[in-house]
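Chemist: Supplied in structure tokens, the structure appears directly below.
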């Protein structure tokens with residue numbers, strides 16, 4: 001029941017839409033099935049409130065989707081696996097078990113000194129096989145309104161190529177410069193990626209070319225496109241933006257670009273294979289249409305290529321082998337522009353958006369998304385300086401994220417902070433799991449989501465009221481239990497005291513060896529009754545004019561001084577008379 005409730009909620013209440021391309025249902029590869037499952041789970045077709053008029057139709061729709069989901073899901077995983085998953089990664093390609101929503105938070109690494117580097121316009125970022133950070137920047141060149149004419153021909157060739165090293169390799173921990181290159185090669189650098197062998201793949205929007213560079217080579221190993229000549233055929237580019245290289249096949253994918261709306265595939269040797277994409281329609285951006293394909297991210301776990309469709313404010317993903325549209329990620333919080341996208345094995349997608357239009361409220365920020373569902377897991381912003389135009393993003397498998405800003409001419413480092421710390425403690429053979437919430441993460445969450453403070457305050461008040469009511473109940477019950485016990489004890493003490501007093505008085509008269517004569521007088525010579533007159537008359541200072549008030553202080557003092565008269569057994573057996581010595 002909980003599963004169907006959750007599934008129905010996903011079907012009817014999702015605000016963010018993920019479109020999935022439908023293929024021929026007769027022969028489906030695994031990725032096709034994943035796409036259709038995602039379509040069933042994510043696509044929003046039901047209204048939030050079902051009216052009486054269409055309640056029956058919508059109920060049937062939900063039922064049919066559930067049946068379709070189970071039919072498709074059963075082809076991907078064994079029936080005994082009860083955990084919901086769209087697709088499991090291949091062995092050695094990351095674990096989905098740790099990628100739960102909210103398990104971590106991305107925050108700026110405040111101690112990282114790389115923010116203070118003197119850089120030109122930062123256009124591209126990448127990580128090499130050793131996880132070193134590689135920066136592609138423009139030195140003293142700037143892309144402005146005077147850089148190109150109406151036909152996209154570069155107008156500042158007289159400046160010559162950039163005289164500074166445009167490719168910088170930094171230690172990701174302390175920002176120490178490890179290596180630099182790229183002097184006198186480029187005019188307006190843009191995209192950067194690094195293949196599994198450590199080769200640099202870069203684009204230059206002024207030259208309209210794509211280059212492959214070795215880490216230690218001064219000359220390109222491969223050049224695609226014709227220098228300074230924009231075009232739209234197989235041999236020309238028009239301001240190409242990014243490159244991605246398939247680690248398995250070596251195929252080269254180029255996003256082209258600012259004045260072409262296409263993705264071009266080349267073989268590992270640089271031979272043209274195919275292309276896909278077209279300009280965006282006037283009224284609506286359809287699947288496979290682009291308005292500046294700006295950044296590329298390979299998804300080897302799913303054999304897909306994702307494209308940051310910048311001016312359409314979305315991410316589109318395509319099958320590597322065929323270029324077929326697979327899915328789209330589009331969220332309101334993206335705003336109108338989405339600049340860059342990056343992926344790490346295990347199912348996490350990172351992105352940065354663009355400056356909001358006047359009157360729009362979506363801030364400049366970074367995003368972390370679950371690739372299988374499209375859900376935004378987290379957002380992040382810098383604490384030192386501010387984003388001005390974040391142009392590229394790259395992430396490592398340990399969730400360390402770098403963002404390069406073309407206007408701020410800076411690179412930020414962000415790190416993952418676990419929201420919960422789990423500890424297992426063995427006590428008396430029982431494992432107790434303690435979950436400790438990190439206060440820093442809560443504070444950061446409250447800053448990013450101020451509207452969430454009221455529910456937290458309400459929860460805190462409810463918690464305090466519950467604690468107070470629990471305390472009052474405990475005190476009341478305890479008081480009611482103690483009062484009868486105290487009364488009972490008081491009664492027992494009183495009875496004991498009375499009994500001890502009486503018994504003590506009798507014992508004193510019987511056991512005191514010096515009081516024999518007094519006893520004789522009390523009893524009388526003839527063993528008659530008690531003669532109080534004779535008894536008191538024998539004492540000095542006695543006056544027969546009347547009885548004096550009897551004082552009880554003397555008896556209390558005697559009781560305190562006589563240590564041998566108390567007995568736990570009461571008055572039934574008087575102790576033996578003390579022997580004289």
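A Cβ is built for glycine as well, from the same backbone N, Cα and C atoms used for every other residue.
Nobody curates TrEMBL annotations by hand; they come from automatic prediction.
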Chemist: Match it up for me: which of 421-445, 446-470, 471-495 does TrEMBL list as transmembrane segment?
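Modeler: When 421-445, 446-470, 471-495 are checked in TrEMBL, transmembrane segment belongs to 471-495.
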Chemist: Looking at 508-544, 545-581, which stretch does TrEMBL describe as region 'Disordered'?
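Modeler: Based on what TrEMBL states, region 'Disordered' spans 545-581.
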Chemist: I'd like to know the mean pLDDT over the repeat 'NHL' (374-417).
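Modeler: Looking only at the repeat 'NHL' (374-417), pLDDT averages out to 97.
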